[in-house]
Amino acid sequence: MKQLFTQHIKRLQQVVQTILETNFLSGLWIHSGTARYHFLDDQTAPFKINPHFNYLFPFPTAENCWLFLDGKNKPTVYFYAPNDYWHTPPVAPTDAFFADEFQWVILQDSQEIAKFIQNPTACTFIGEDENLAESLGFNQINPQKVLNQFHFERSIKSEFEIEAIYQAQFAALKGHQAAKQAFFEGKSEFEINLAYLKASQQSDLNVPYGNIVAINQHSAILHYTQLDYAPNPQQQSFLIDAGATIHGYASDITRTYAADPNSEFAAMIKQMEQYKYRIIDQLTVGVNYLSYHTQMQQWIAEMLYEYDFVRLTPEQIFEEGISRAFLPHGLGHLLGLQVHDAAGFQQNPRGTRKSPPEVYPSLRCTRDLAENMVLTIEPGFYFIDMLLNPLQNSPLARHINWQKIAEFKQFGGIRTEDNIVMRSQGAENLTQKAEIELQLSDH
């Protein structure tokens, strides 16, 4: 990772230099952030690092630390390492693979930073605590023009970032295997989640997002995180959407299982997986992501016809918008330091935004695919009452096999998700690559 990070930070030094020159600035100060206190409480929420800090300094537990960059000299990290007997004192990672790329200053008192900030009016501040920035004399605080430039750069990953996301696949896949086993042993959602955390060596505090561990109808809730503590004696299906992080970079993987491998629902899961691999094989640099989402909607229309849920032609099902009730979310999203990573709608460094079309409001990416973009591909098929009820009260209702839909509501839904990186010749499936290395893939 050391060599890859050296290339990564060299590229970012050039990016920072361009940002400073185009915005007539002499330097960039980035604050990593601090844990927020709960309202009227002395307890804090878990610390979540400023992603722009993590972008340059891959150490996601670096709380209340600072970076200074001028685009020319070696960046300086001001690492906050107070003496403390209430909490485990932070230890500066001065022997980490990335350490040699920085000048180091250790702060034992957070107020010490003030003496290092020279001429703040000629610099910009990036961070959450705008009151802190004002108190230190900054007047250019999170300028949108600077953020736009950073966000656009973050959408095209360096080889260091791609490797981190690839490494994050392994912990997640080990967790998925343990969760699958726990489901087939009849465990509760709560117990399945514990199995995932143990196998992936994570806690609920450092997973990249709340694990979705959904049995039966719970799979129809797209972001179900409640967890039943008691086992369900009538387990029919299981959907798990869970990831891991390496150096702050996330994996985001989803799998669905049928309790009865010979059921029609199991066949539907297999077909959805085939659709996922088929669309991944089609991904091409320069083609807009919307076209692939539209293709998936057309395939969902075919499934609705083939499995006799809707008694219209696939073309009619798609044109009438019926498929959108069964796949209400987008095909996927950019992935990186944030699970839904920056600049999914941003078309250029200036910040030009292209919103999703009205018929697909949940689409999270409207970009043309570019080399070294990392994205999720996550088609789904669900039985969601909130979306089916309007159809039941529409003229299209007579074409829909409500009896069969009622029978399948017990399964909740299907989602299958892999993480891919765009290469010049097409998509490289990072999840499948890790599955093969772990000897988990049968594709």
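If you go along the chain as it appears here, the first residue is 1 and each next one adds 1.
Backbone N, Cα and C define each Cβ position, glycine as well.
Site annotation (Swiss-Prot): Mn(2+) 1 is bound by Asp252, His333, Glu378, and the candidate from Glu302, Glu417, Glu428 recorded at this site is Glu417. Annotated Mn(2+) 2-binding residues in Swiss-Prot are Asp252, Glu417, and among Asp228, Asp241 the one listed with them is Asp241. Neighbour counts of Cβ atoms within 10 Å were compared across the binding-site residues Asp252, Glu417; the minimum falls on Glu417. Listed binding-site residues: Asp241, Glu378. The one with the lowest count of other Cβ atoms within 10 Å of its Cβ is Glu378. Closest to Glu378 (Mn(2+) 1 binding site) in space, going by CA atoms and restricting to the binding-site residues Asp241, Asp252, Glu417, is Glu417.
Long-range Cβ proximity for His333 (Mn(2+) 1 binding site), meaning a same-chain Cβ under 8 A and a gap of 6 or more residues, is found for Val339, His340, Asp341, Gly344, Arg364, Cys365, Leu375, Thr376.
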